[in-house]
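I have placed the structure first, in the form of structure tokens, so that the comments after it can refer back to it.
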Amino acid sequence: MAKQDYYEILGVERGADEKAIKKAYKRLAMKYHPDRTKGDKTSEEKFKEINEAYEILSDKEKRAAYDQYGHAAFEQGGFGGAGAGGFGGGFGGFGGFEDIFSEMFGGGSSRQRVVRGDDLRYDIEITLEEAVRGITKDIQIQTLATCDHCNGSGAEKGSKVETCPTCHGHGRVRRQQGFFMTETTCPHCHGTGKKIEKPCKKCHGDGRVHKTESLSVKIPAGVDTGNQLRLAGKGAAGENGAPAGDLYVVIHVKEHHIFERDGNNLYCEVPISFTQAALGGEIEVPTLDGRAKLKIPEGTQTGTMFRMRGKGITAMRSGYSGDLICKITVETPVKLTDEQKDLLHKLEASLEGKTTQRPKSSSFLDGVKKFFDNLGK
């Protein structure tokens with residue numbers, strides 16, 4: 001099968017400069033690197049092709065030969081006598097590969113490896129009233145803190161801390177296997193990048209210790225379930241003096257016994273008596289600011305909703321206030337006396353045939369009549 005064009009493999013134009021070729025190689029090598037693809041044979045073959053293409057196109061002489069003769073320039077007896085594959089083995093002839101993988105994976109430097117601390121999560125439950133008004137809560141978190149005995153060095157006082165001779169402070173080691181370059185945690189220093197003569201007794205050389213931290217968290221007014229508050233630098237301590245991670249406080253608002261929340265609006269069910277619904281009047285309803293008056297028109301039915309503007313929740317960022325929506329439930333009287341029953345019977349009799357006074361009932365009965373009339377046809 002004919003070999004694919006090297007320029008096509010890297011996805012660059014034939015006139016691409018060295019910078020564009022290097023950039024394309026870095027992107028593809030990172031994508032198909034064996035450490036990322038975990039044994040995927042197709043990706044391994046792709047990685048070989050990418051390395052082969054870059055080995056040729058990154059070298060001016062080899063690229064010139066390829067541009068003139070194509071793949072034939074590197075066949076048996078061709079350019080450099082590298083054999084049918086065009087390579088002599090290993091990465092020995094790959095100019096620039098060492099530098100690129102150093103950039104991609106942080107190798108080649110004798111600097112001690114620094115790793116930012118982990119981000120932490122804390123779930124907190126608050127009441128609706130606390131969510132509406134805002135509150136400061138004291139919390140305790142389990143975290144990794146800088147060891148106060150060795151100040152994070154991991155070494156006992158007076159003990160030497162040297163750069164790991166195996167990984168030269170990188171914390172990881174690279175191995176070349178044909179076209180592949182793999183990187184693993186240094187087996188000598190276990191990724192710390194350093195060699196400690198006498199490890200700290202308290203943290204055992206890690207430089208960090210498990211600790212319970214107490215914090216005050218200011219929760220702003222208007223938060224809702226699922227909102228996250230980020231406390232920068234309040235996560236786990238970093239390794240070797242690296243910055244600490246962040247703490248994310250996740251809000252959970254408890255269900256309320258009166259109100260239901262939908263965004264910045266509040267909903268509540270308001271029961272009224274049979275006579276209040278029929279005659280109308282003014283009732284008291286609960287709001288987050290206390291009691292408020294609500295006017296009930298004559299003839300109010302169950303399910304009617306009244307909107308009280310601005311009586312909802314004030315948004316955290318915009319300052320816009322939602323509404324309170326009151327849903328009316330008309331209560332049917334129970335355990336009536338004989339006298340009360342007699343009065344209701346008289347009322348029922350007086351309403352007989354008065355369609356304007358019982359609009360829903362009349363409409364329903366008309367609909368039922370039409371339904372049965374149609375069945376009989």
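Yeah, the Cβs are placed from backbone N, Cα and C, and that goes for glycine too.
Per Swiss-Prot, the features are as follows:
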- CYS147, CYS150, CYS200, CYS203: Zn(2+) 1 binding site (BINDING)
- CYS164, CYS167, CYS186, CYS189: Zn(2+) 2 binding site (BINDING)
- 5-70: domain 'J' (DOMAIN)
- 147-154: repeat 'CXXCXGXG motif' (REPEAT)
- 164-171: repeat 'CXXCXGXG motif' (REPEAT)
- 186-193: repeat 'CXXCXGXG motif' (REPEAT)
- 200-207: repeat 'CXXCXGXG motif' (REPEAT)
- 134-212: zinc finger (ZN_FING)
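By number of Cβ pairs under 8 Å, the repeat 'CXXCXGXG motif' (164-171) is matched best by 186-193 from the list 147-154, 186-193, 200-207.
On the 0 to 100 pLDDT scale, the model's mean across the repeat 'CXXCXGXG motif' (200-207) is 88. Here CYS200 (Zn(2+) 1 binding site) is positioned 15 angstrom away from CYS189 (Zn(2+) 2 binding site), judged by their C-alpha atoms. Across the repeat 'CXXCXGXG motif' (186-193), the DSSP tally of helix, strand and coil residues reads 0 helix, 0 strand, 8 coil. Summary of the Zn(2+) 2 site environment: with the site residues CYS164, CYS167, CYS186, CYS189 set aside, the chain residues having Cβ atoms within 8 Å of the Cβ mean position are PRO165, THR166, HIS168, GLY169, HIS170, GLY171, ARG172, VAL173, PRO187, HIS188, HIS190, GLY191, THR192, GLY193, LYS194, LYS195. All protein chains considered, the CB of CYS203 (Zn(2+) 1 binding site) has 22 other CB atoms within 10 Å. The Cβ of CYS147 (Zn(2+) 1 binding site) lies under 8 Å from the Cβ of GLY154, CYS200, LYS202, CYS203, ASP206, GLY207, ARG208, VAL209, each of these being in the same chain and 6 or more residues away along the sequence. Rounded to a whole value, the Cα-Cα separation of CYS186 (Zn(2+) 2 binding site) and CYS150 (Zn(2+) 1 binding site) is 23 Å. Counting every protein chain shown, the Cβ of CYS186 (Zn(2+) 2 binding site) has 20 other Cβ atoms within 10 Å. Cβ contacts within 10 Å of CYS150 (Zn(2+) 1 binding site), excluding its own Cβ and spanning all protein chains shown: 24. Note: the CA-CA distance between CYS150 (Zn(2+) 1 binding site) and CYS164 (Zn(2+) 2 binding site) rounds to 19 Å.
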